[in-house]
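> As annotated by TrEMBL, active site applies to E216. The annotation Zn(2+) binding site is assigned in TrEMBL to H61, E64, H152. Under the heading domain 'Succinylglutamate desuccinylase/Aspartoacylase catalytic', TrEMBL lists 51-240. Residues or ranges marked as domain 'AstE/AspA barrel-sandwich hybrid' by TrEMBL: 256-329.
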Amino acid sequence: MLLTLQNFLSHSVDESIKWQSFSAQLNADVYVESPLEGVLIFRPTGNLPQQKHIVLSSGIHGNETAPMEICNQLIADIASGKLKISHALMFIFGNLPAIKQQTRFIEENLNRLFAPNIEGDSLEVPRAKALMQQVSAFFKDATGERYHYDLHTAIRASKNEKFAVYPHLHGKAHSKTELQFMSDCGVNTILLSQSATTTFSYYSSRYHDAHAFTVELGKVKAFGQNNMNDFVQADKMLRHLIADRELTLSAYEDCPLEIYKVNQVINKHHADFKLHFSEDTANFTDYCAGTLLASESGAKYYAQQDGEAIVFPNENVAIGQRALLTVVPCEL
Ligand SMILES: [Zn+2]
């Protein structure tokens, strides 16, 4: 089992290994369990009142390698005893067939399927259901705070390389402490979502009352090609989160945060949907009011305010799906 945990990621995607669930006392301090392929739970042994329950997911998009490499190393270091744990932890490697093929998804974007009543025929639907079940079981007995950081890397470069999406809270207050944590991870651009979605982080936030974020840690690169120096701060803070009972964070006033809220959600309705900026335009590039951003049969989409910026543009999405978000600066 120790061998498995030294490289749980490759164990999870190795076709020559027939996967089996396991659970065992890892050492005097830690109990380990793998209830589902690509899912691993560590629990501190003994009675730790008010321990946190923390989910770290990666590989929800199969080609977003850096977060998987970070989590795989965290797992290895917990297994070897190098990294102590003070909280219950769940690691998830999301879309295993897509990770094997080094592609974003096989049939459908997994991160649009985290809805409790999801139905569909794609390969990804049963995986989304199974992961929701796992997260639900994990959070069920949590008496302390719950956390879910869903770790990604973006397809395109970003003017603000690291950024996080804060799911819509339906009137609950945003947590400044969480933004301090993000900032100390090197994630200083925060996007406040303004509506219900079917992302993994929204699922944990909405249905399990977790502090949850979709965290974009940089640009997509192949396994082995990530410069791990780009992720030092995030890695350090995740280790801090895992090992220490309490987090020590920079003061909110000292965090160089830039906060945005969504202004327009632009869905593709026709096959001729077209973006009016170049393919390699960085996320968070901003425009003057009146700039034509996208068009399709019967519709034109303009920047409505000065400083309105584009995020996640993708004219190749399926019809009916989101092709572009626009955001504007705001205060918490
Ligand atoms: Zn992603």
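Including glycine, each Cβ sits where the backbone N, Cα and C put it.
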> With an 8 Å cut-off on Cβ distance to the H61, E64, H152 Cβ center, who else from the chain surrounds the Zn(2+) site?
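My list of surrounding residues reads S58, G59, I60, G62, N63, P67, R104, N111, L151, T153, A154, E216, V220.
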> Taking only the Cα atoms, work out how far E64 (Zn(2+) binding site) lies from the residue listed as 'active site', in Å, as a whole number.
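Computed Cα spacing between E64 (Zn(2+) binding site) and the residue listed as 'active site' is 10 Å.
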> Enter the number of other CB atoms within 10 angstroms of the CB of H152 (Zn(2+) binding site).
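The answer is 25.
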> Let me know the model's mean pLDDT on the domain 'AstE/AspA barrel-sandwich hybrid' (256-329).
95
> Give the three-state DSSP assignment (helix, strand or coil) for E64 (Zn(2+) binding site).
coil
> Where ligand 1 binds, which of the recorded positions E64, H152, E216 are close by, with Cβ under 6 Å?
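Checked recorded positions vs ligand 1; flagged E64, H152.
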> In whole Å, note down how far the CA of E216 (active site) lies from the CA of H152 (Zn(2+) binding site).
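The separation of the Cα atoms works out to 5 Å.
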> Between H61 (Zn(2+) binding site) and E216 (active site), how many Å separate their Cα atoms?
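On Cα coordinates alone, these residues lie 12 Å apart.
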> By a simple count, how many Cβ atoms lie within 10 Å of the Cβ of H61 (Zn(2+) binding site), its own Cβ left out?
23
> What same-chain residues, at least 6 away in sequence, bring their CB to under 8 Å of the CB of E216 (active site)?
H152, T153, A154, S158, K162, F163, A164, V165, V187
